[in-house]
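Undergrad: One structure, pasted below without further comment.
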Amino acid sequence: MAPRLDFSDWWAKDTRKGTPVVVKMENPNYSVVEIDGPDSAFRPVEKSRGKNAKQVTWVLLLKAHRAVGCLTWLATVFWSLLGAIKKRLSFTHPLGSEKLGRDRWLFTAIKLFLAVSLVILGFEIVAYFRGWHYFQSPSLHIPTSTLEIQSLFHLVYVGWLTLRADYIAPPIKALSKFCIVLFLIQSVDRLVLCLGCFWIKYKKIKPRFDEEPFRNDDAEGSGSEYPMVLVQIPMCNEREVYEQSISAVCQLDWPKDRILVQVLDDSNDESIQQLIKAEVAKWSQKGVNIIYRHRLVRTGYKAGNLKSAMSCDYVEAYEYVAIFDADFQPTPDFLKLTVPHFKDNPELGLVQARWTFVNKDENLLTRLQNINLCFHFEVEQQVNGVFLNFFGFNGTAGVWRIKALEESGGWLERTTVEDMDIAVRAHLHGWKFIYLNDVKVLCEVPESYEAYKKQQHRWHSGPMQLFRLCLGSILTSKIAIWKKANLILLFFLLRKLILPFYSFTLFCIILPLTMFVPEAELPVWVICYIPVFMSFLNLLPSPKSFPFIVPYLLFENTMSVTKFNAMVSGLFQLGSSYEWIVTKKAGRSSESDLLSITEKETPTKKSQLLRGVSDSELLELSQLEEQKQAVSKKPVKKTNKIYHKELALAFLLLTAALRSLLAAQGVHFYFLLFQGVTFLLVGLDLIGEQMS
């Protein structure tokens, strides 16, 4: 712990020797002379003409104007922030608060930590103003004799210092060193992934296939050489996006007699079911081979939906299955860019495409998500695909060989990450994967913090569930030992367990603790230098996001609370780890989609479409269309929420920032201050979509 300095010493540690003296003359013909102490004699003599008093005055006025402008801007931002906080706190809607449920244990622990911190801070403030500054310094010591004790409060404070140094500091030091080691290991892993990505770019390594793998000699568009492809669109209450995904899939460029589209609707809202039925009927009348499926018994969430669809008898005639979530819009050439990779490659089980986001610039939250997902696809998926032929299936925008699914056990309902589950089991059975970074499928990222938080909870609790369930299968499988080590040590432990553990423990628990236990101080390079460098690496795949490097770093630390809580829930089988909540979508469209929407179908086209349709079918279609228009007009109520854990951590970090201010720790103070403000903004749901 650095010795205590006065506030004037803190902000002006590097003052030069000597006092500068400025002599101003009333006569403008004289120059201004500056005497700056003994070191000025060793400076080179400037031969340029000196500035007169009027020029100096104008320079000072300009600097003062800039300073006032900066202060005005800061005051405006601060006032706007206070106004937003006041407005959010005055919100009294019953749905405007987060439901903690079974995850209350973490919130209780944070509240207890905050209460203890406030008590200790009160002791420290009183001791500071009484002049008791017993930090680690050769010139200062903790009084031990009764003659040095001034009062009962002084005795209690000295007892706290002794307890802190002898019993509290050692375990905190050990835990901090352990977390720092994990932090360094994860940083090395991230650096190796980036180097692998650079090597792929330098060598221009990417999967390739023959230019014309399938020939189509039939003039009417049916090709016997094209394999049979099943396309599945699982959805559940996807009112905003169902039309876009069905439309995009129905326009895939593939022989009509070699493709079947399954719309797997798990919606429990009958009005949404009618909307989807109408959309399917519309495309069926256009000649698309498409069917609508709705389960009466909705078990197993998405995995149960896919498992039920694969049990149909007609699936046996198909060789490959492409899966798209309800908000995904593949390009017409998607199948022609992915399916040919399976030809002459019998060991290939999966071809995964990249995601791109139509709403990545919608707000700050979507921009920060885009940074993470760009790194995931550009670096993690691509490197693992090239060097290991294995990565986690992303659940959508991929094509599976149906034989690989069947040999691996098919879709299982045991976890909420059925995509990762089937990928691990297929890898254990020897199937290889290919990732195509150049094939991109348009989709959405969550625009509200509520939707994003629920998505991240599922993405981080599910892998821990899966790790417990498949650890035995990994150890007893027949794959190579290095593949087993990669699965256990890197895929699960390092990237799914250690990452959320150390990020939350180190920056949200240990760092505030070290402010109250200065004997266990964290070095500056752990707090500042390495995190900034790692954030820089994360931003490399999305260079346009470099202005957001500081918000990205602070927001990732904030999200560590959700990820840590989810990881613990999945590892210890808590109730929240089994919850599946469909991520809310906004129904954003690309520019091409918006242009196509404006081009309405003419009456001539409609008459051509309905030619040959019976009167009963025509009546049914018209009724479905009327229901579609009526249901689509229903308003959907949305509200922002208040998140208790984030707010409690905000006050904890701000309390620790005040303690670091007393100890004159500049870097620690600024980090805790900005991180605390970030937690405050997130806790009040002031990031992402703002709803009335």
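Cβ from N, Cα, C; glycine included.
The shown structure was predicted, so the numbers you read here are calculated from the model rather than taken from an experiment.
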Undergrad: Of the residues Ser139, Ser308, Ser473, Ser614, which is given the phosphoserine tag by Swiss-Prot?
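TA: Ser614, according to Swiss-Prot.
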Undergrad: Using DSSP, would you call Asp419 (active site) helix, strand or coil?
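TA: DSSP call for Asp419 (active site): helix.
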Undergrad: Could you check the recorded positions Asp266, Asp327 and say which one's CB has the most other CB atoms within 10 Å?
TA: Asp327
Undergrad: At a Cβ cut-off of 8 Å, and with pairs 6 or more apart in sequence only, do we get at least 3 pairs between the transmembrane segment (180-200) and the transmembrane segment (106-126), yes or no?
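TA: Per Cβ check, the transmembrane segment (180-200) does not touch the transmembrane segment (106-126).
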Undergrad: Go through Asp325, Asp419, the listed recorded positions, and name the one with the sparsest Cβ surroundings, counting other Cβ atoms within 10 Å.
TA: Asp419
Undergrad: Across all the protein chains here, work out how many other Cβ atoms are within 10 Å of the Cβ of Asn394 (N-linked glycosylation site).
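TA: Around Asn394 (N-linked glycosylation site), other Cβ atoms within 10 Å: 22.
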Undergrad: Pop the Cα-Cα gap between Asp419 (active site) and Asp266 (active site) into the table, whole Å please.
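TA: Roughly 18 Å, rounded to the nearest whole number.
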Undergrad: Three-state secondary structure of Asn394 (N-linked glycosylation site) from DSSP?
TA: coil
Undergrad: Find the shortest Cα-Cα separation between Asn394 (N-linked glycosylation site) and the recorded positions Asp325, Asp327, Asp419, and name the residue that gives it.
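TA: Its closest listed neighbour, by Cα, is Asp419.
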